[in-house]
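Trainee: Pasting a structure below so you can have a look.
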Amino acid sequence: QNEEKWDFVLVSDIHEVGSEKEIKRNKFLYELSKKGFTIKKIEDTKLFYGVRAPPHIFWKYQCLLTNPNSRQQNSSAYQDVPVTTRIRVVHFILQNTVTSDLEKLHDLMKKKVFEAAFPLHKKEEIREILKKKWARWRVLFKEQPIEQIRCYFGEKVALYFAWLGWYTYLLIFAAVAGLATVAAGATVFSSSQVSKEICDANNTIMCPLCDQNCSFWLLSDTCTYAKVTHMIDNEATVVFAMFMAIWATVFLELWKRERANVVTSWDLYGWDEEEEELALQLINNSQHEPRLYQHSYLRSTIVLILALLMIMVLIGIAHALVIYRAMAVAVFTQSNTSLLSKHADIVAVMTGAVLHYLTIVIMSKVNWNVALFLCDLEKPRTFSQRENSFTVKIFLFQFFTHFSSLIYIAFFLGRVNGHPGHYVRIAGHWRLEECHPSGCITDLFIQMAVIMVLKQTISNIMEYLIPLISHQLRKKKKHPQRRSLMLGEEEEAEDPCKRQWLNNYELNEVNVFSLFNEYLEIVIQYSFTTIFVAAFPLAPLLALVNNVIEIHMDAIKMMRLRRRMVPRKAKDIGIWLQVLEAIGILAVIGNGLVIAITSDFIPVQVYKYMYSPCTRENHTSMDCSTGYINNSLSVFHIQDFEAHTKVLPEFKGKRIKECRYRDYRNADDYTYTVQFWHIFAAQLAFLILFEHVALCVKLIAAWYIPDVPQRVKNKILTGKHDNLRNELSTAEYSTEV
């Protein structure tokens, strides 16, 4: 029975006898044989080589890495080694076995000597449990079997799903808070004083949105837009932003506790990745010398410069999107289609968001290759260091790819465009966009909604359909044709391994970055859920729905559509935790800036307490924001338009002498009013106050919730105490003897 248990399968094309590829293949297999590996060959449309490691390899592993008090001093100990450990050890040896030509398996696969190397999905009890309780849509809302995932895929995959499950569970509270914020805004959808003023502004004539043959327009035309804006932009948004800053901290602190519980139950709390790698190197080659730590300031400087250049390119792409939006508004405004010309700004925002999504798709592939190239320049010492270095670079590149355009909309749109008679122009021709009189927060809302919905729906569909279709095509292409039997001829008994190996070969390939891609996708989603959440309170709800589907979609891919992933040990989620903590700090800064700058919250409060009728008279029944819209619009005399600006002087049969625009400027010389500086000072004060309060609350929450539960600390403490007591007893007994 044991003879047919194989750790790995190597797949090769059937090369010509005596060809260079066949010679290289035989040299590699010979090196494995010298190490005591059992090799079984099966021929079909490809050559399959089953590989099984000798028992002494696992005995060495146990001797080097198991607690001395529990070591088995006999060669049968390998039978107790978990399957995940067997696969990991064999994979390491396969990857580091060197032929007489100084070539490793990686080099041979590049030269097409071998096509694939993978561990097997086997018909075993734990796999059937995972298929039944995890990798199916019927168990969408059931708890994940983390222990079984660990026993089948290893600790690294199990920790990913434990973290994703924990994040998804806590998203329920953020999603409820987001829905409550939107619901609070919906109650003032039609009753907001600011919205009412815009809807009733039938005589407020606004300045044209373009330079050539654009007419004036009434502020009341944007009534619906104003209502939507104030559904998002209200006092509840400030509370929600503060809540999300605290939520991000509590999520990470509670995850640290959960992770401590999990890894302690797995007896991995004191596990050392570097020690494990050194042990595997010695098992593979007892003469191995460790590669020492090195640091090159020259290489680091080159990598830093190239990374900064890449970030500048990504910011340049965001500028290109700004140019598109400016041109689109100008073109759509002059369109003959009334619907398009009437809603030119909204159409420009929507098409700009779709274009932004397309740039994300394209640049993600470019970012990937650039990050890999920079990692190769750094020459990291170990795979773990390479993975951490790659994680930081790809996250930075992806962050700027996703958020550069959003940062422009949030903090620069409508603030750097100048004013009538003195507009800032692109190439001296196209005007930059202006904010709506009720604020720019709706533009940010639309942009985030489009990107999140497109990214999550399209990505999930492609992520599931591509492996499914690919698997079906591979099955159709690789499935061997059964030979028809001649009369009187008996059918040969098929090797039971053959069908199993073929079925595994027909599955989709996995690589070292398969799990990394899943982490990156969720961390980018976490950025959307926290950084600009004040502008898009529905982000946590979208993330929650996505994650519930994502967990089981990943499970189905891993169990049914992909080859078995090589298990890896881990005691935490690695450098991703530092990335999440950095996002938490950015979330405080981002949401503070959104409320202070993008939102109309501060200008409205300044008006209420310094300029409204309530400050002059005791009107207890009056809404103190009455008159805010008229106060926030400046007056422009149309004779001051630039020479090349051509506007239609008449509007609805009346000759227009002046129009209104959103800003705080004097009507005579267009300089900033005192109110502008009052608002600026209030925005700055609010930003400092909000960020300091939020960061203090984060620090208090981090202090209040210990990273490691007392139960875990006590378990580790008593374990150390018992070990020392046993060693002391052993030493005293040896002395007496």
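Just so it is clear, glycine is given a Cβ too, placed from its N, Cα and C backbone atoms.
Keep in mind that what you see is a predicted model, and the values were worked out from it rather than measured.
Sharing the record's features from TrEMBL:
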type: DOMAIN; residues: 84-146; note: domain 'Anoctamin dimerisation'
type: DOMAIN; residues: 149-716; note: domain 'Anoctamin transmembrane'
type: TRANSMEM; residues: 157-186; note: transmembrane segment
type: TRANSMEM; residues: 236-255; note: transmembrane segment
type: TRANSMEM; residues: 301-326; note: transmembrane segment
type: TRANSMEM; residues: 346-374; note: transmembrane segment
type: TRANSMEM; residues: 394-413; note: transmembrane segment
type: TRANSMEM; residues: 523-552; note: transmembrane segment
type: TRANSMEM; residues: 573-597; note: transmembrane segment
type: TRANSMEM; residues: 676-705; note: transmembrane segment
Trainee: Against the transmembrane segment (394-413), which of these stretches has the most C-beta pairs under 8 Å: 236-255, 301-326, 346-374, 523-552, 676-705?
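Mentor: Checked against 236-255, 301-326, 346-374, 523-552, 676-705; highest Cβ contact count belongs to 301-326.
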Trainee: Restricting to the same chain and to residues at least six past its boundaries, which positions have a Cβ under 8 Å from a Cβ of the transmembrane segment (236-255)?
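Mentor: Answer is 163, 166-167, 170, 173-174, 177-178, 180-181, 184-185, 530, 533-534, 537, 540, 577, 580-581, 583-584, 587-588, 591-592, 594-595, 599, 601, 690, 693-694, 697-698, 701-702, 705, 707.
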Trainee: Please report, as numbers and ranges, the same-chain residues at least 6 past the borders of the transmembrane segment (523-552) whose CB is under 8 Å from any CB of it.
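Mentor: Answer is 134-137, 139-141, 144, 161, 164-165, 167-168, 171-172, 174-175, 177-179, 181-182, 232, 237-238, 240-241, 244, 248, 395, 398-399, 402-403, 406, 410, 441, 444-445, 448-449, 451-453, 456, 460, 576, 579-580, 583-584, 586-587, 590-591, 594-595, 598-599.
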Trainee: Going by DSSP assignments with H, G and I as helix and E and B as strand, what are the residue counts for the domain 'Anoctamin dimerisation' (84-146)?
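Mentor: Summed by class, the stretch gives 32 helix, 3 strand, 28 coil.
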Trainee: Kindly state the mean pLDDT of the domain 'Anoctamin dimerisation' (84-146) in the predicted structure.
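Mentor: Within the domain 'Anoctamin dimerisation' (84-146), the model's average pLDDT equals 90.
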